[in-house]
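See below for the structure under consideration.
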Amino acid sequence: MATSISRPWAALWGVLAAGAGLAGAELVAGVVGGPPSSPVVAVGAAFIDVIPVPVREFGIRTLGTADKPVLISGIVVVVAAIAAAAGVLAARRRGVGLAILAGLGLLGAIAAGTRPDSGLGTIFPSLVAAAVGMGVLTWLLAVTERAQLVADSAARRPTVRAATSPGGQLGTRPTTMSTTAPTRTPTSPPAPRAPMARRELMWRGGVVVVGSLVAAGGGRTLLARQQAAQDARATFPVPRPPTTAVPAGADLGVDDLSPWRTPSDVFYRIDTALTVPVVDPTTWRLRIHGMVDRPLDITVAQLQKRRIVHRWVTLTCVSNEVGGDLVGNALWTGVPIADLLAEVGVHPAADAVRSTSQDGWTCGTPLSALTDGRSALLAFGMNGEPLPFEHGFPVRMVVPGLYGYVSATKWVVDIEVTRFDRFKAYWSTRGWSEQGPIKTASRIDVPSSGAAVSAGQVVVAGVAWAQHRGISRVEVQVDDGDWNVAHLAGEPTKDSWRQWRWTWDAKPGDHQVRVRAFDTAGEVQTAALAPPAPDGSTGLHMVEVSVG
Ligand SMILES: Nc1nc2c(c(=O)[nH]1)N[C@H]1C(S)=C(S)[C@@H](COP(=O)(O)O)O[C@H]1N2
Ligand SMILES: [Mo]
């Protein structure tokens with residue numbers, strides 16, 4: 001809508017709108033994205049990456065530790081200038097001004113989304129910034145335009161009386177933000193409408209400013225807390241495993257086959273936490289109590305004074321479908337739970353451990369699985385580093401052979417020795433079995449289902465798991481043919497999955513390739529189909545391959 005809002009005001013609305021957008025983005029970054037997702041921070045980081053090295057070094061040399069604040073302030077000034085222009089343009093051509101704000105948001109999203117540690121969540125704050133900025137600008141301009149119309153008509157008919165329709169906004173004098181009180185003359189009676197528009201402007205502007213300050217302050221506080229947690233994790237002492245290298249022979253190195261060791265950043269994540277719990281390791285304490293002689297209450301430092309071991313264990317989620325990827329293998333560093341249970345002295349009548357996370361999730365584990373000699377750990381290291389926040393920093397449970405929902409409590413703070421007939425854990429109250437031993441399973445990774453391959457020698461490969469029992473044999477079947485024995489990779493531990501491969505002499509046509517595994521007791525994986533609930537899916541994984 002073409003109006004003649006004065007430029008300074010339009011520019012100010014642009015700046016306020018962009019400020020509100022950035023403030024909203026800080027808040028969202030604080031809640032979900034973390035520091036790298038703040039658009040200003042992301043653009044700053046991207047800027048540092050793209051400027052030539054000599055310029056960067058010059059900046060660091062001349063500005064010293066002030067280089068980052070100067071860079072951030074510079075970005076804020078540039079954004080403010082662009083936003084001011086967007087405001088002025090929006091007053092004339094609404095779409096153009098809004099598009100500029102959208103462009104700024106997009107820039108932030110690109111900067112945040114292309115950081116090495118970015119996920120989808122990191123672009124979210126920038127999108128919020130664009131949406132909030134555009135919304136606020138529209139909201140502010142709406143009043144300004146109305147006030148301007150008033151002014152225009154007042155200029156045309158300077159002596160007209162206040163009037164017109166219900167909700168009409170006619171007035172008798174130009175509206176400005178001047179503090180001069182309306183002039184009252186006998187021929188120009190009190191004109192309430194124009195000051196109303198002005199008051200509304202002040203009111204909306206005030207709401208935007210206060211809202212922005214609150215959002216930015218809240219976001220900053222949350223981000224500072226996250227930064228403090230990240231610093232705490234970076235300096236968290238984790239006794240180093242002698243090596244994090246994959247044991248010789250465990251990884252067949254087949255293209256597109258899941259690596260034997262799952263990198264922590266792609267390790268599947270399952271939990272009920274809406275936002276990842278951030279636990280301060282310096283105040284973390286674990287209570288071990290219940291049916292014990294000597295309850296224990298220990299800090300991280302005290303925990304790490306115990307015997308520390310490094311164990312490869314494959315975790316699996318009970319929700320994993322046949323052929324699914326809710327399974328991963330890592331090197332865990334921690335203290336055997338059995339040692340701590342021996343220390344506290346467990347009563348003979350106990351048969352369960354109820355563990356609780358900092359965010360109140362509960363888990364019931366059979367006492368026997370924690371004391372029968374398997375590598376059940378209170379783990380604080382994953383693949384040689386402190387646990388990632390998503391995987392339970394600072395301390396979690398890891399128990400080979402049991403699905404995660406009955407064993408793998410992340411952010412664990414409480415371990416109660418008890419009896420199964422005295423409690424129900426989180427998932428057991430929701431229809432899942434009290435006991436959850438992992439079922440023997442196998443998966444074909446290559447070729448992928450639906451793949452087209454050339455006739456001749458085709459490598460078929462995958463993984464198989466039967467944690468704590470171990471895999472003794474894997475067989476592959478094409479269509480209704482015989483079962484063929486696959487080659488097995490080395491097995492450094494029965495608690496981890498095992499890679500396998502088989503070379504198929506593939507004939508042209510469409511084929512179905514199936515896999516099945518045997519555990520070390522000679523039990524074959526069942527072909528009977530079962531869904532994940534209540535205690536784990538069963539059935540054979542099959543891929544369809546077209547051979548040309
Ligand atoms: N605190 C807490 N721990 C938890 C869960 C949870 O919801 N909350 N989920 C469990 C489930 S169901 C699984 S499969 C594993 C997954 O561990 P991961 O996310 O490290 O792969 O964590 C277990 N530990
Ligand atoms: Mo799970």
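Placed from the backbone N, Cα and C atoms, the Cβ positions cover glycine too.
Predicted automatically and left uncurated, TrEMBL annotations should be read as such.
For the ranges 201-223, 454-476, the feature annotated in TrEMBL as transmembrane segment maps to 201-223. Note on the transmembrane segment (70-89): residues 7, 10-15, 17-19, 22, 40-41, 43-44, 47-48, 59, 63, 96-98, 100-101, 104, 133, 137 of its chain, located 6 or more positions outside it, place their CB under 8 angstroms from a CB of the stretch.
Across all of the domain 'Oxidoreductase molybdopterin-binding' (274-427), the predicted model scores a mean pLDDT of 97.
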